[in-house]
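Going by TrEMBL, these are the annotated features:
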REGION    1-27  region 'Disordered'
TRANSMEM  41-59  transmembrane segment
BINDING   G47, V50, N54, N306, L425  Na(+) binding site
TRANSMEM  71-92  transmembrane segment
TRANSMEM  113-138  transmembrane segment
TRANSMEM  228-248  transmembrane segment
TRANSMEM  268-288  transmembrane segment
TRANSMEM  300-323  transmembrane segment
TRANSMEM  366-384  transmembrane segment
TRANSMEM  453-471  transmembrane segment
TRANSMEM  491-508  transmembrane segment
TRANSMEM  529-552  transmembrane segment
TRANSMEM  572-597  transmembrane segment
REGION    610-673  region 'Disordered'
COMPBIAS  630-643  compositional bias 'Basic and acidic residues'
COMPBIAS  663-673  compositional bias 'Acidic residues'
Amino acid sequence: THSNLHKEHNESFHFSPGKRERVQEKMREDDRPAWDSKLQYVLAQVGFSVGLGNVWRFPYLCHQNGGGAFMLLYVLLLLIIGVPLFFMELAAGQSIRQGSIGVWKHISPRLAGIGYSSCMVCFFVALYYNVIIAWSLFYMGNSFQYPLPWEQCPVDMISNQTVKECASSSPTSYFWFRKALDISDSIDQSGEFNPIMTGCLLAAWALVCLAMIKGIKSSAKVMYFSSVFPYAVLICFLIRGVMLDGAVEGIKYMFYPKVTTRVWRQAATQVFFALGLGYGSVIAYSSYNPVHNNCHRDAIMVSGINFMTSVLASLVVFVVLGFRAKNIALVTLQDYREWYSHYGNLLGSNITDCDLEREMSKVGFTYMYVLQCIFSIQMCLTIIMKPFLGVEGTGLAFIAFTEAMALFPASPFWSTLFFLMLLNLGLSTMFGTMQGILTPLMDNFRVLGRHKTMLTVCSCILGFFIGLLFTQRSGNYFVTMFDDYSATLPLIIVVVFETFSVAWIYGADRFLDDVEVMLHWRPPVIYCYLWKYVCLLGMVGLLAASLLRMVFKRPTYTAWNHTMGSETSLEYPGWALVMLSMLIIVASLPVPIGYLLSFLRGGRSLPVEEGEIEPPRERYSKCNSAEPEPNNHHSPLDEDRNRPRSTFLPLGAEHYRLLPQQEEGEEEEDTGL
């Protein structure tokens with residue numbers, strides 16, 4: 001109990017310094033917040049890992065890289081790279097019960113920079129991710145009207161004609177680029193702030209702040225809705241979508257075979273980002289678990305749920321977009337012949353006119369000609385459907401999908417459901433991202449840990465003011481820049497160092513020893529080889545491929561040309577290249593800086609700043625199942641054997657008991673973990 005601990009703390013001044021440190025550390029562990037139930041924890045991990053990328057990135061990659069072949073490769077990489085790395089982060093956070101900074105500093109003071117890099121990446125991601133939530137709020141607010149405002153092009157009041165920019169594009173594209181973003185023609189043209197989007201961004205940060213004001217105690221309760229509601233919406237859309245004309249064509253197009261050399265890199269990248277590796281959020285969430293929780297089972301379960309969600313979202317996206325494409329480009333034989341009369345000269349010789357009456361009058365008519373006609377019509381349909389199905393990101397969510405929902409009966413209802421789903425997907429991921437910032441800072445700096453509410457509020461206020469960068473007319477281009485460059489390379493670098501530190505610096509076998517003490521059973525030894533070779537080489541290869549791609553291909557972005565009413569690809573100007581380079585450097589720099597500072601101090605522990613908590617690194621020897629004797633003295637030989645070995649588990653972790661979170665006077669409940 002707390003009273004006994006405080007009594008022991010008061011008496012600890014009569015003990016040795018080592019005994020006093022262990023008592024103080026035990027008090028800090030007992031004061032750490034914890035999940036109320038296993039369900040809360042699982043929903044939090046699933047909510048963080050299942051994000052917007054599952055809805056608008058995975059379907060696009062699946063189609064672009066061969067459909068079923070991509071999924072098989074994705075599952076393979078998920079099993080040999082994704083699950084082992086996810087399990088490694090879960091086990092590290094759960095055993096040490098610290099955020100990302102404390103975990104890697106606990107292993108070695110020279111690795112403290114890994115945690116700081118994770119915090120920097122989380123901060124950059126949180127800045128632009130909340131802008132996407134603001135966009136979802138804007139569209140959800142505009143869904144409560146009939147007809148939907150993006151169903152038709154507006155009319156110019158002066159000329160009494162359709163607005164030229166809308167006529168050159170589409171109603172949904174016009175509403176997105178002009179009404180929602182009021183976008184400029186390039187990143188050089190900043191323009192003024194968008195007042196409506198600024199208000200939506202303020203509302204988004206207010207939602208995040210209110211949900212996280214009391215840490216996991218408040219955010220976990222929100223997870224009951226924000227993590228479950230998207231699945232209900234996806235199932236509703238799937239049931240409604242399969243009853244629409246064009247659903248089958250959409251699913252076929254999703255699995256249309258295609259050969260590409262980029263499939264390995266894109267599949268590995270998607271596995272990496274889908275599980276949220278390197279952010280520190282997985283470590284932060286698992287640090288609130290009791291130490292004997294089965295994190296191995298959690299790793300497999302969350303990874304499986306993540307993959308099945310991606311498949312479900314892909315089916316929904318292509319069913320709905322197939323319906324949209326079929327309505328826009330429905331082809332009959334007569335329509336095809338009319339289309340061929342205009343564009344036949346631009347096609348290859350294998351695409352024919354399909355004049356069956358004329359061909360049947362010939363003596364040599366065969367059914368092979370009929371099959372060729374059918375092939376020609378299918379090719380025509382594929383060509384016309386391609387621009388409507390091969391979209392991703394914001395183009396999928398805010399243009400293609402909104403246009404499809406405008407064709408639904410009761411379109412405002414479906415539109416509201418869809419953007420409410422995006423809002424909840426974004427919020428659950430945002431909670432995890434913010435936890436990846438706040439938990440390490442509160443664990444590592446005692447002053448911040450004593451003022452958790454103030455830290456949360458100040459972080460959200462700072463995020464809002466910096467996020468104003470994304471609410472100006474060129475803000476969408478900065479969102480693209482941050483999305484492409486602020487997280488990709490730094491996160492891969494972080495995970496490479498994480499894997500190397502556990503597999504080679506600390507030792508994969510020793511890590512499994514600690515996991516065995518924690519779980520009371522030993523995970524398969526194959527994890528040692530996966531961490532030491534497969535995962536490490538895979539992440540290094542992904543890092544090399546990303547670097548080569550940046551070196552040999554000048555960074556570009558997609559801009560909106562309002563005069564043409566279409567998107568064009570532009571190269572970043574010089575100042576923008578410097579800015580994106582600084583994003584990568586600032587996020588990656590803490591790793592070498594932390595190592596150099598520790599190296600210059602001769603490998604000693606980094607000095608503890610005022611208010612900073614130095615994580616414990618007591619030694620332990622692996623115990624058998626029997627209870628140790630009260631005053632168990634080791635022989636000098638045992639001391640020598642254990643001296644160079646630092647423990648991954650804090651002393652007493654084997655006997656950790658989760659304390660109830662109820663207020664005083666309430667009955668204690670079993671957490672169910």
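These residue numbers are counts, starting from 1, taken along the chain as shown.
A Cβ is built for glycine as well, from the same backbone N, Cα and C atoms used for every other residue.
Those TrEMBL annotations? Automatic predictions, nothing curated.
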Task: Packing count at N306 (Na(+) binding site) (other Cβ atoms within 10 Å of its Cβ) - done: 23
Task: For the transmembrane segment (572-597): best-contacting stretch of 71-92, 113-138, 228-248, 268-288, 453-471, by Cβ pairs under 8 Å - done: 113-138
Task: Selected stretch (most C-beta pairs under 8 A with the transmembrane segment (491-508)) from 71-92, 228-248, 453-471 - done: 71-92
Task: Beyond the flanks of the transmembrane segment (41-59) by 6 or more, those residues with Cβ under 8 Å of it - done: 35, 132, 216, 219-220, 223-224, 226-228, 230, 254, 270, 273-276, 281-282, 285-286, 288-289, 293, 298, 301-302, 305-306, 309-310, 313-314, 317-318, 392-394, 396-397, 422, 425-426, 428-429, 431-433, 673
Open item on the list: As a test: from 71-92, 113-138, 228-248, 453-471, pick the stretch that has the greatest number of Cβ pairs under 8 Å with the transmembrane segment (268-288).
Closed with: 71-92
TODO: Could you tell me what the rest of the chain brings near the transmembrane segment (113-138), counting residues at least six beyond its ends with Cβ under 8 Å?
DONE: 52, 99-105, 180, 196-197, 200-201, 203-205, 207-208, 278-281, 394, 398, 419, 422-423, 426-427, 429-430, 433-434, 436-437, 440-441, 444, 463, 466-467, 469-471, 475, 478-479, 482-483, 486-487, 490-491, 493-494, 497-498, 501, 583, 586-595
TODO: Give the number of CB atoms, excluding that of G47 (Na(+) binding site) itself, located within 10 Å of its CB.
DONE: 27
Open item on the list: Taking contact to mean 3 or more CB pairs closer than 8 A (sequence separation of 6 or more), are the transmembrane segment (71-92) and the transmembrane segment (453-471) in contact?
Closed with: no
Task: Under 8 Å by Cβ from L425 (Na(+) binding site), same chain, sequence gap 6 or more - done: V50, G51, L52, N54, V55, S226, P230
Open item on the list: Same chain, not part of G47, V50, N54, N306, L425: whose C-beta falls within 8 angstroms of the C-beta centre of the Na(+) site? Give them in sequence order.
Closed with: V46, F48, S49, G51, S227, P230, T309, S428, T429
